[in-house]
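Asks: Structure incoming, see below.
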Amino acid sequence: MNGVAVTARHPPASATVTAPHPPRAARAPRMATASSEEPMVPDMNKRNTMNLLLAGAATTVALAALGPYTYFFVPKSAGGTGGGLAARDAAGSVLKAQPYLASHAAGSRELVLGLQGEATWLIVDTDKALEPFALNAVCTHLGCVVPWVPAENKFKCPCHGSQYDRNGKVIRGPAPLSLALEHVDVSGDGEIVLSSWKDEDFRTGEMPWWKF
Ligand code: FES
């Protein structure tokens, strides 16, 4: 064995490097003490109060959002006339009786937006008062809007020639039925209000054929 070099497989003990642990003073300081690390849980009374406040705020927001939406779909009250919808002109403005009568001649008929948003003839009688009935302008044949022809004192449908008298009673076909009636009233604040006509049809003595 003399003269044979011996290769050391392991570095000498002096070459081994042992990573020293950082000194305690070099570690990150711990800010919280054992007692301050406990979760901050409010007691039951405080939690109930907070829940009530949150629920109240959420309800207020929901009502504020739903209010106008609901109002849009609720029919306007007629104010003492038993319910109905305010008549509106072509621009969507509510019609009031006094200015309407001041600007319309006796015997005039004008189209307004009536029940179900349909074209409706509003009539001023010969005494310059509103007739207590209005006429749905939809022809009972195939649904054309029927114009008023003052020179002939009747309604004449341009589509297939049906005719109706001054009160909307059919006098010539092919329309099978008279124009539908709507009640006309004036609300407490002066609005012209239309409502369903469910009584006997004064033109025919029969009950209404229409369903609105
Ligand atoms: S739609 Fe009026 S007569 Fe036909």
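Just so you know, glycine gets a Cβ as well, placed from its N, Cα and C.
Caution: TrEMBL annotation is automatic and unverified by curators.
TrEMBL lists these features:
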- 15-34: compositional bias 'Low complexity' (COMPBIAS)
- 97-193: domain 'Rieske' (DOMAIN)
- 1-43: region 'Disordered' (REGION)
- 52-72: transmembrane segment (TRANSMEM)
Asks: Would you mind giving the whole-number mean pLDDT across the domain 'Rieske' (97-193)?
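Replies: It averages 96.
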Asks: As a quick check of your reading of DSSP, tell me how many residues in the domain 'Rieske' (97-193) are helical, how many are strand and how many are coil.
Replies: 12 helix, 37 strand, 48 coil
